[in-house]
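Feature annotations, reproduced from Swiss-Prot:
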type: ACT_SITE; residues: ASP316; note: active site, proton acceptor
type: BINDING; residues: LYS23, GLY95, ARG123, GLN170, ARG347, ARG390; note: phosphoenolpyruvate binding site
type: BINDING; residues: LYS23, SER24, ARG28, SER168, GLN170, ASP316, LYS343; note: 3-phosphoshikimate binding site
Amino acid sequence: MENKTVIPHAKGLKGTIKVPGDKSISHRAVMFGALAKGTTTVEGFLPGADCLSTISCFQKLGVSIEQAEERVTVKGKGWDGLREPSDILDVGNSGTTTRLILGILSTLPFHSVIIGDESIGKRPMKRVTEPLKSMGAQIDGRDHGNLTPLSIRGGQLKGIDFHSPVASAQMKSAILLAGLRAEGKTSVTEPAKTRDHTERMLEAFGVNIEKDGLTVSIEGGQMLTGQHVVVPGDISSAAFFLVAGAMVPHSRITLTNVGINPTRAGILEVLKQMGATLAMENERVQGGEPVADLTIETSVLQGVEIGGDIIPRLIDEIPIIAVLATQASGRTVIKDAEELKVKETNRIDTVVSELTKLGASIHATDDGMIIEGPTPLKGGVTVSSHGDHRIGMAMAIAALLAEKPVTVEGTEAIAVSYPSFFDHLDRLKSE
């Protein structure tokens, strides 16, 4: 286990950072390139552990993929070019890889087995495996196909009209990918809008998709064609430095080339509601995704209530929003966020336990948390990432305002999504 001691830094963070490529888009660029006919090139790929797991799985399925840091070349031969793997497909810590590849494997006329790390082994897969089974796939595993390892025997599927009980982009994506090879039409209706990278990118790869409110539909039998994909910066990674810039005194941080897809940009709305001085410049569309440069300055912050339809648009940012709330005046209530319980950790419990160690006034609720602020954060303690990249980074940012140094345990988890996180933090401290 790697540990990192973070020295408080209330003198201000200054500088310009280019955050790593978007994790969601990096996964999909490799997957869709593997399903397409022709060559797909990817620029700005995130070479984090999760996305490397996706590359490894598709290489085992017989796809030629070359990766050199942020550039990837996928030589796709279409769906029929995928081959039965001679080895188990190891998804590592990646929930995205697991759920999306389930949709793909369900259509293929061979047997495959998925395993992952200890965290993946606790994450519920029935939300994906049940609709795929109803389409005709054979999937088995622990807890009646709810937990990895999972065994999949795919084949000819039938389209489905699925009403999702939870707002999950991974579930929606898995069913749509299965629908691409199913007989007839497949539709997914969500309870709330979730990230739409799958729909945007499938269209860029030549697939026709129908959208009607909260329903997305796809006709079976469509082919993908190789593309050139430029991956924008990940707003979920940018969120850590947006929060640091807003709450560390005397700070001004610019983050360039950040994806601001409205289905992901809830963090920007919350920052503005809390009173952050946030500027968005050089707005443009890049590969079908809206992108901008974001500049944040130290701000006087107010507590807010966060819940309802915005939650799927900032679910991954809640750990760092909780850190921000400790420095805002008044009460911040985060609700309707039960989905936090089935992330890499139960993020309601891990956020509350670790921020409590730092002296924050925070307590858990059934569907979120309540934070009172502003509170000085004490140091001289050890906090844990619990093996969760977003908890590790959130604690490192909180430590910047602590009264004494803070040791963060398990910082190797951060490499899942932001391998250069501490390098970027050191650069902002030194400028």
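Heads up, the Cβ atoms here are built off N, Cα and C, so glycines get one too.
Shown here: features listed in Swiss-Prot, placed on the structure.
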residue	record	Cβ contacts under 8 Å, 6 or more apart
LYS23	phosphoenolpyruvate binding site	LEU46, GLY48, ASP50, CYS51, THR96, ASP234, SER236, SER237, SER417
SER24	3-phosphoshikimate binding site	THR96, ALA169, ARG195, HIS197, ASP234, ARG264
ARG28	3-phosphoshikimate binding site	LEU100, SER173, HIS197, THR198, MET201
GLY95	phosphoenolpyruvate binding site	ILE120, ARG123, GLN170, LYS343, GLU344
SER168	3-phosphoshikimate binding site	ARG127, THR194, GLU339
ASP316	active site, proton acceptor	SER236, ALA239, LYS343, ARG390
ARG347	phosphoenolpyruvate binding site	ILE318, PRO319, LEU340, LYS341, ASP388, ARG390, ILE391
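When the binding-site residues ARG123, LYS343, ARG390 are compared by the number of other CB atoms within 10 angstroms of each CB, ARG123 has the fewest. Across LYS23, SER24, ARG28, SER168, GLN170, ASP316, LYS343, which the record gives as binding 3-phosphoshikimate, the greatest C-alpha separation is 19 Å.
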